[in-house]
Structures are given as structure tokens and as C-alpha cells.
């Protein structure tokens, strides 16, 4: 277990907490076919939906600073929730730069080009070759290839990581074809390796996976395949191995060597962090590296503070976030999740800041060590609930944020039976949390960061492992000691809201002033037809 807290924290005694419960990947879709949420056993959520103020809110596209019709994701969702405003996300920021042909005006890339123009080293472009838009975008890679040609960089090796998680499970060839076409048009570059994201993009310190990817990129003794990408993928599919799990394979003799440069074009940091650490840290100790070439590493965005890398698109600072407002009011807050979502309720929700805020305590519950989460659909939800109930019972935290990873992580496997079990587990845990909150007279705001588990099969009959653009539920369970001034229980939630409105809603419940920079609006509005009975008497909830 990992517990940490900020220094200089205030202390409340006997606090009625406000508990933000984020159901990661719990979207709304009316059709029950291929819908793990509709088919799962959810008596608690169904009862809450009918008894308390609720709404469907938006968690994708322009509502969270992404292009229209772009599915939301956990990083963007938690950042938007914490910021209380719509932020131009990195996908849009980088896409605009590529579209406007402005990569050559990016200082880190200018320096990189000058270095390679004066040296014999190779530029290695490493990242997820995908049009999913969650961690990267293939258009960015194609733009980099054209930029390299225009900058006079002669030797370019592309190390393509295949997706199959944020895209259909057998769709890699479409993106690879786009990259091959870009290299032909630019007259520079070749495909040096292929590797499924399962190996190259682990974020849970499963170093045996990362080691396989690292060896692929750096070990000169590894054999080179004489098959084309099309042949390799067809052979993989025939063996039941989809894009996400594609085994690492070298396609040329271009490995990373002393004096080479590496540009990691994933813009989302959480799944780029481990492979970047292996490439740039002298004191890396996750596994024993067979070779340690001296590389000049550039990342598209800040992967981690204090890494010895250049950053092409440095973070744009954010102020007056939810956590900051709570901390500045002298209130204590508690953030908890299991390993897979821990960075989201901490780092991402705090606007990319690693260190806890004053009065912020963090608690990490380890995720189970399994190959894929369909093998353990309950994940660590029960242990996570236990720890959160302990925090509620302490009576010292004004704001508690908890993330349940199951709908998203099990939804990504595409295994329907496992996903319905995951949904039932989370529903049961919500009931347990609700009892604890009710004992304290607190309030729960239940929502999700994006959709996933409500769609488990695509129109082509393949397992649907990606997120969705569906709206997500938001339910306000108001407690006796957190009644809103002037409203009592006579409230409802707006139907036109989005994730940017969650923080203003929480601040209203906490009776804290919303800062001007937080441009979202509280979802709460007065109405006269809500059951006025207290939380403890509203309905018997199954646990």
C-alpha cells in the first residue's frame, strides 16, 4: 500500500464528506445488446437513478476539449473533472501544429533537427501507430515523417506500436499503410519494428513486458524478420493474436545506438513513461538492460517531471483547479484508486502536478497481477472500497475521490461475461460506500469519465475494446448534513452538462466559491418534485 499526504494540511473533525465516485468506463446506451452495464446486475445504481437527482452528461468530443466525435478517455476525463473547464487537449494542440505545418517552429524539434543534420545518427520515431486519438494519432507520425524530410534528416526509423485496444482489434494495417505512404511521399524513413502495445505501453510496472520492447529497440543480436507487415499481421490474426498483443518483431537492422535520437510521439504520458525511462535513465533499475546506448530523447509531451529529455509540447500551466480550491480553503481531501487508475485521480486530476497538495492524502490499492483483467473482473474493488470506507469513517476529509477501474479495464478485454461480473462488483461496492456516507450524513456524486463497458461488440462482430462517445450518468445522493443552502432536497441536475461541470457542482456542495478560471457551471438546479426524505430513509439498498 502507498499512502502519502501533503504537508501543512488543515484538519477537520467530524466532517460529513462529499464523495466523488468515478466509475471508469461506465457509459450509457439504451440498447441492452452487447451492453455489459445493461446486462450486469446493478440494483444499487438502478435504485439510485430512480430515487435521486440524476442526468446524463457528456464526456467526449468538444465537451472535453477533443475534436468532435472523438471518444473520451481517462486522462482527458479526469483532467476536465479536476479543472472545471474545457481545456484544449494535447490531441488538438498537436494536430493543429501538424496541420498548420508548424512542427519546424517547435524549439525541441528545431534543436533535434540541428543535431541530426550535423551528425550521422538515426532518428527513431517511436509510438502508437493508431488513429484512436487516445495516446497518439497516426496523422502526427505522418507529419513527423514529412517534417524530418523537410529538415534534411536522412536516416529515419519508425518503430510502430500496434493498438487494437482504442481501435478495432485487427485494424493495424490501415494505419501502417498510411505511414508507408507518407514515407514514400517524403522520400525518407522505413519501418524498423512492430510491437503490440501490451508489451511497449505497460504502466503497471510489469517490467517483463517493457523489457521485451526495450530489447526489440536496442539489442543488435535480435533476428530480423523477412516477412512484410501484412504477412506478420495475417499470421498473428490466424493464431488468435490481435493488434494489442502482437509479439515484438524487427523488420530492419536499425536498432538504437550511441548518438542516435529518439522521438516518442505518444502525447499521453501514463503509458509512455516506462519505455521512456528505460531509454533515458542511467540509474534505471526495473530490469537489467543488456545494452544502454547513449540517446538524445525527445518526448511530445511531459512524460514525467525531471526526466533528462526534451519536450516538444511543454505543459500549459493550469490554476484554480478543484483540488487547489479545496486545499486553499484549509480542507482535507483523500484520493484513492487501484494501480491502473491511481495517476488519474492524482496527477491528471491535479493538472499534471506530481506532488500532493496541502491536506491531500493519497492511497494506492495494488491491482491484481494478471495478464488481462477478464481473468480477475473484480480487480481490487473490494479492497479499494474497504480503504475508502475507513477514510469516510475517520470523519476528517471534506472531499473524497475514488475511482473504480473495473468497467474500463475489463471492458477493454472485450469479454462480455467478465465485463458483466465487473459491473456487478462495482454496483455492490457503491452500495457499501453509500451506507458509510449515509452514516456520516455526507453526499455522494457518482459519475464516469467516459464510456466503454456499455458496448462490447462492434457492428463487424469483432469484440469492441475501445471507448465510446456515449454520455455518462451523474447521480447526486445528497446527505442530511450537506443540504444546499436555499434548496433543501428540492433539486435536480441539468441535462445539458459535461465533465467540466463536476468541479463547480462539488464546490457548490462544499459551499466554496468557484474561481473565475473555472468556467464550468454547477449541474444543480432547483425543482419541486424531489422526494424530501433523508438519505437514510430514502430506500433500502441491497449491499
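Numbers run from 1 along the shown chain.
Every residue, even glycine, has its Cβ placed from backbone N, Cα and C.
According to Swiss-Prot, the active site, phosphoserine intermediate annotation covers 74. The Mn(2+) 2 binding site annotation in Swiss-Prot covers 24, 74, 449, 450 and rests on sequence analysis. What Swiss-Prot lists as substrate binding site is 135, 165, 166, 197, 203, 268, 269, 270, 271, 341, and the listing cites sequence analysis. Taken from Swiss-Prot, the feature Mn(2+) 1 binding site applies to 408, 412, 467.
What Swiss-Prot annotates, mapped onto the structure for a quick look.
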residue: 24; record: Mn(2+) 2 binding site; contacts (Cβ under 8 Å, 6+ apart): 74, 341, 344, 403, 404, 405, 406, 407, 408, 409, 448, 449, 450, 452
residue: 135; record: substrate binding site; contacts (Cβ under 8 Å, 6+ apart): 127, 128, 166, 201, 266, 267, 268, 271, 272
residue: 203; record: substrate binding site; contacts (Cβ under 8 Å, 6+ apart): 270, 271, 273, 274, 340, 343
residue: 269; record: substrate binding site; contacts (Cβ under 8 Å, 6+ apart): 75, 301, 302, 303, 304
residue: 467; record: Mn(2+) 1 binding site; contacts (Cβ under 8 Å, 6+ apart): 25, 60, 71, 72, 73, 134, 166, 408, 450, 451, 452
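The Cβ neighbour count for residue 408 (Mn(2+) 1 binding site), using a 10 Å radius over every protein chain in view, is 28. Around residue 271 (substrate binding site), a 10 Å sphere centred on its CB holds 22 further CB atoms from the protein chains shown. Of all the binding-site residues given, namely 166, 449, the one with the smallest number of surrounding CB atoms inside 10 A is 166. Sequence-distant contacts (6 or more apart, same chain, Cβ under 8 Å) of residue 412 (Mn(2+) 1 binding site) comprise 25, 165, 373, 452, 465, 466. For the Mn(2+) 1 site, the Cβ centre of 408, 412, 467 serves as reference, and the other residues of the chain with Cβ at most 8 Å from it are 24, 25, 73, 74, 165, 166, 407, 409, 411, 450, 452, 453, 465, 466.
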